[in-house]
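For reference, TrEMBL has these:
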COILED    B:34-64  coiled coil
REPEAT    B:84-116  repeat 'WD'
REPEAT    B:174-215  repeat 'WD'
REPEAT    B:216-259  repeat 'WD'
REPEAT    B:260-301  repeat 'WD'
REPEAT    B:313-345  repeat 'WD'
REPEAT    B:346-378  repeat 'WD'
Amino acid sequence: MTIGGPRGGGQPRLQMPCLGKMERMIVSMQDPDMGIKMRNQRLLITVIPHAMTGNDIVEWLIQKYGISEEESLHLGNLIVRHGYIYPLRDPRSLVLRADESPYRFQTPYFWTSTKWPATELDYAIYLAKKNIRKQGELIEHEKDNYNLLHKRINHTWDFVVMQAREQLRAAKQRRKGDRIVIDCQEQAYWLVNRPPPGAPNVLEQGPERRNCHTTRVQLNMDYYKREIEYCRKAMARTRVKSSICLEGYLKFNEQYVPHDPIMSGCLPSNPWITDDTTYWAMNAPTVTTPTKLRVERWGFNFSELLMDPLGRTQLLEFLKKEFSAENLSFWEACEELRYGEQSHINEIVDSIYQQFLAPGATRWVNIDSKTMERTLEGIKTPHRYVMDDAQMHIYMLMKKDSYPRFLKSELYRNLLAEAVIPPETKKRVFPFMRKQRHSSPSPALLLPAGDTEAKGEEKSRSPAAVPEEES
Amino acid sequence: MPWETESKALLKSRKITSFPHSACKMATEGLHENETLASLKNEAESLKGKLEEERAKLHDVELHQVAERVEALGQFVMKTRRTLKGHGNKVLCMDWCKDKRRIVSSSQDGKVIVWDSFTTNKEHAVTMPCTWVMACAYAPSGCAIACGGLDNKCSVYPLTFDKNENMAAKKKSVAMHTNYLSACSFTNSDMQILTASGDGTCALWDVESGQLLQSFHGHGADVLCLDLAPSETGNTFVSGGCDKKAMVWDMRSGQCIQSFETHDSDINSVRYYPSGDAFASGSDDATCRLYDLRADREVAIYSKESIIFGASSVDFSLSGRLLFAGYNDYTINVWDVLKGSRVSILFGHENRVSTLRVSPDGTAFCSGSWDHTLRIWA
């Protein structure tokens, strides 16, 4: 089977769970009590039984699912496009119209999941019938397909034509109403399974999943042994009561909603809505005066302060005053190790040792003796996680000790006092005149002045650095 | 018993005069193995059941009950603010740059484009040697992109503005899987990439050398998505796959820390809640779910009877109050994460929504679709 075409040999309901659900929807639509009220529909001079109007369908969906008309029309359209309902008038286009246009339910024989996948032979017979009936006047793409099939399955062509003739003969025996219905049913089926060029192919899936030949997974004894071991460990794990966890969401929500531009808007305005990039300029990684919201956010938790480049600079200033700036530098160096290039590991570990851990080091960090012992032992065989324990210790020190003091400090209080609240952008007098959208320098542009190579390397060396923006 | 008849046949044909000990041993081992495999499978199933019981013991309240105290959301209006046209085929994946306006997107025809989505200008374009580029990612520095798909690889392209340089010339082949690449993400730096593949594994790679740093085995089928934890001491990530499982991994040891199996179908997308204490998933079973890591269980299901098509991609708003989910029915549904109700449905795309990400500062989100376009909503 080609990629993009229907997956052959598999169960359609497995691959497209939506089909099963759509079918259940269809069945409930036809429920004698709660379903759509069907009646006879007049198609020119013929009367077609068990039909409904487009309006009926839309109304039923609105009532059943409590959705809007727009959503109902959208859903109804999808049902029609998948061939579960077909139009009687203009059967060549699988579209739902929310008016008096007549529609019918597709027979389960022709359901997408029943006859899966559509066979070349069936398609050939269908086209042959059409060809005979229209005396060679097929639509362009059907003509092309007909010719293609004629070449491809030429050996069975006699059978194809015979079947086509047989089916046409049997059709002549039926009443006109039935004939029209069967034609529409068949046509709808083929519109779904062999869409004309330009029309969307609803059966297209994307690359095949569970293509087991090249998978590394084997559901063998080892797999189940691992599952069993995982379950045993998981059973022993400590869990937190739901009530406590869920309270956490409420607290987080309360704290962060005012900072969520989609929920609470942003001042001066959302750049995407007003085309004004002042919001970005005022919140650039390094500005002279940060906004009030930003400074407040540094007070939420230590991570917020540390991860904001401006916040981190302020933290460094504060730590310098407390003579513990080496802690932050050490933490940054450890980050560089953890996320750095594999080939630089030995180099970085050595540099960290020399600067922070060696006896008499210029920026010696105060780690507890046990951790220090373990770390010094570990760096004999350096790897990227060798500083993890030490890094965690220093991180916790900053978080539990320095951070609370930072929040109470004059430095932070001044930052809060001096922080700006941007005024809301005045609504433009002529809103239909779009503001010019200026481009910004790409972070990928190498800095013009100085050693570009070194700067480039520096950029990739510092994992937390965010590209500078024009203020 | 098959081996009995076989050995009798062998004896009959006089190919062997007596029954070889090794053949007998192997044959009995084979039988023994079948029995043990079935019993192991049963043991695993029963333990899973017991685990669910344990998890249920501490579940004393539902999220929507707790959320009754929270104010309901008001009128919700989000519109398409930009439409990015330029891909000649289905858009499969996109990622934001840290500068909050640039994005990278990849499509079925192998094209990978970097846009300044604010101006809608295309800044870079490269054509991959394969089709169905299902994964792409922007490097934290903004200086490179990563992508891959049916080529089973993940390649890194440094972004250059040098007109004399062909982007494809500096391409670095980093990851090698044995099946399609479904997702990729840089870690905290440009130098490490995490990948997920149709071969059932995830892997961590050193970009410069292409060295495999760690591999993650445990999924029972294709892995379709992954997301890195935002937690401050971040060293975990979550993945979702065709085995209906979402698994949380320790990046350092390669071990699976936690596993959740409540979806009824493939998990197409996973995304951490901003606090890092939970993650959401989107699946072909037409539901999105929220899993809490401390409670170790599913705590919410976001579904509606009228939504029958799979969710392909999910992401949270900055505060985590809203969950945006793109679906295979061409729509985007916006969910109130706490109350569990649907806030809004967004129409606009004319085919499946295949990818969706909220911008780094939360001012907008971008959706990519099989209708060849990307849209920025705000």
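Backbone N, Cα and C atoms are what each Cβ position is placed from, and that goes for glycine too.
A Cβ distance under 8 Å defines the sequence-distant neighbours of the repeat 'WD' (B:346-378), meaning residues of its chain 6+ beyond its ends; these are 78-85, 87-98, 100-101, 103, 105, 107, 115, 117, 312-319, 324-334.
Within its own chain, the coiled coil (B:34-64) has Cβ neighbours under 8 Å at 261, 290, 295-297, 299-300, 338-340, counting only residues six or more beyond its boundaries. Long-range contacts of the repeat 'WD' (B:260-301) within the same chain: residues 48, 55-56, 58-59, 62-64, 222, 224-232, 234, 238-248, 307-316, 318-320, 323, 325-328, 335, 337, 340, each at least 6 residues beyond the stretch ends and with a Cβ under 8 Å from a Cβ of the stretch. In the repeat 'WD' (B:346-378), the DSSP tally of helix, strand and coil residues is 0 helix, 17 strand, 16 coil. Across the repeat 'WD' (B:84-116), DSSP helix (H, G, I), strand (E, B) and coil residues number 0 helix, 20 strand, 13 coil. Taken residue by residue, the repeat 'WD' (B:216-259) breaks down under DSSP into 0 helix, 23 strand, 21 coil. The average pLDDT computed for the repeat 'WD' (B:346-378) is 98.
Mapped onto DSSP classes, the repeat 'WD' (B:174-215) shows 0 helix, 25 strand, 17 coil. With DSSP classes pooled into helix, strand and coil, the tally for the repeat 'WD' (B:260-301) is 0 helix, 23 strand, 19 coil.
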